[in-house]
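This report concerns only the one structure given below.
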Amino acid sequence: MNILERAALTALHRMDPEKAHSLSLSALRSGLVPLPGPVTSPRLATDVGGLVLPNPVGLAAGYDKNAVALAALMRAGFGFLEVGAATPRPQPGNPQPRLFRLTEDRAAINRFGFNNDGAATICARLAMRPRGAVPVGLNLGANKDSPDRAADFAAVLAACGPHADFATVNVSSPNTERLRDLQGRQALTALLEGVMQVQAGFARPVPVFLKIAPDLSDADLAEIAEVALASGIAGIVATNTTLARDGLRSAHARETGGLSGAPLFERSTRVLARLSELTEGRLPLIGVGGVASAEEAYAKIRAGASAVQLYTAMVYQGIGLAARIARGLDALLLRDGFGSVAEAVGTGRADWLT
């Protein structure tokens, strides 16, 4: 991390977390933030569910919810970006305060509740984005007051799919009441059928991923793996934030909402490894949760991930983190004799299944 990045983070950490979040996006939009540019190599370039990535380090949904800083983020060293979640209609989300830094734990708790500008506005921004080598996907959400949340996911995909490189069905946010109920076999099967019917009507392929919670039993994971394999989706994103609060030290540890960051790493990686085992490598997995270094990204890949995503770690390490992780990952692959990311996927899975 350079001196300028460190100074900017220090200033942002003196502010309310949500205001700091908004200011960071405004700074990116201004064009004044120094950015590392693209990071790739023959080892890092990879294919995940039909997405061709310059490197496997992605930005998780939730940072640029409304797709307002895409031009800058595409130059920040990420191999792919995910914006949203977008819902059919704009909604304000939950009352503030709803974002909390847990500095001692290198973590955050949020209870945003899918606050966003709505699908129409976000779709228009996706359509106007610069085209380049960095795929941009959309996290699909449902309105809080919707009488048919499954239909909401399909509606957002229908509206925005032509302008997105991929889409993620988010049934795992803990901040919309009863949303996680859609992870059950019957509900999930019906939901994915509706989404995949929409996808089938597109003129070009738009891979669809499913994002799951880390707070699932082994039986739940087995059901999800079975449904996912049968549905025709491109892969699974594992995982979203957790409701667990084990071992936290920060003053905000008991705030309600989803916990992200360092404390999620082990839990999410164990879920990832179990999914890799259940799907027998037939379904690409994207590992999310606590990735803050090249070593942690590499651990996710060796546990079964074909790519990784991060967000909370940027709160503590800055916008240049993705590029640093990608370069470090390249060195780790070279050190261990892997010619590609794909060669390393799942090679350490057994370590996470004990």
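Positions of Cβ are set from backbone N, Cα and C atoms, glycine also.
Under the heading active site, nucleophile, Swiss-Prot lists S173, citing sequence analysis as support. Cβ neighbours of S173 (active site, nucleophile) (same chain, under 8 Å, six or more residues apart in sequence): A85, F114, G141, L179, R180, N240, T241, G258.
Marked as FMN binding site by Swiss-Prot: A61, G62, Y63, D64, K65, A85, N139, N170, K211, T239, G261, G290, Y311, T312. Other Cβ atoms within 10 Å of the Cβ of Y311 (FMN binding site), summed over all protein chains shown, number 21.
Taking Cβ-Cβ distances under 8 Å and a sequence separation of 6 or more, the neighbours of G113 (substrate binding site) in its chain are Q91, G93, N94, R98, K144, N175, T176. Swiss-Prot lists K65, N110, R111, F112, G113, F114, N170, N175, N240, T241 with the feature substrate binding site.
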Rounded Cα-Cα span from R111 (substrate binding site) to Y311 (FMN binding site), Å:
15
Expressed to the nearest Å, what is the distance separating R111 (substrate binding site) and Y63 (FMN binding site) at their Cα atoms?
14
For S173 (active site, nucleophile), which of the three DSSP-derived states applies: helix, strand, or coil?
coil
Other CB atoms within 10 A, centred on Y63 (FMN binding site):
21
Work out how many Å separate G261 (FMN binding site) and N170 (substrate binding site) at their Cα atoms, rounded off.
19
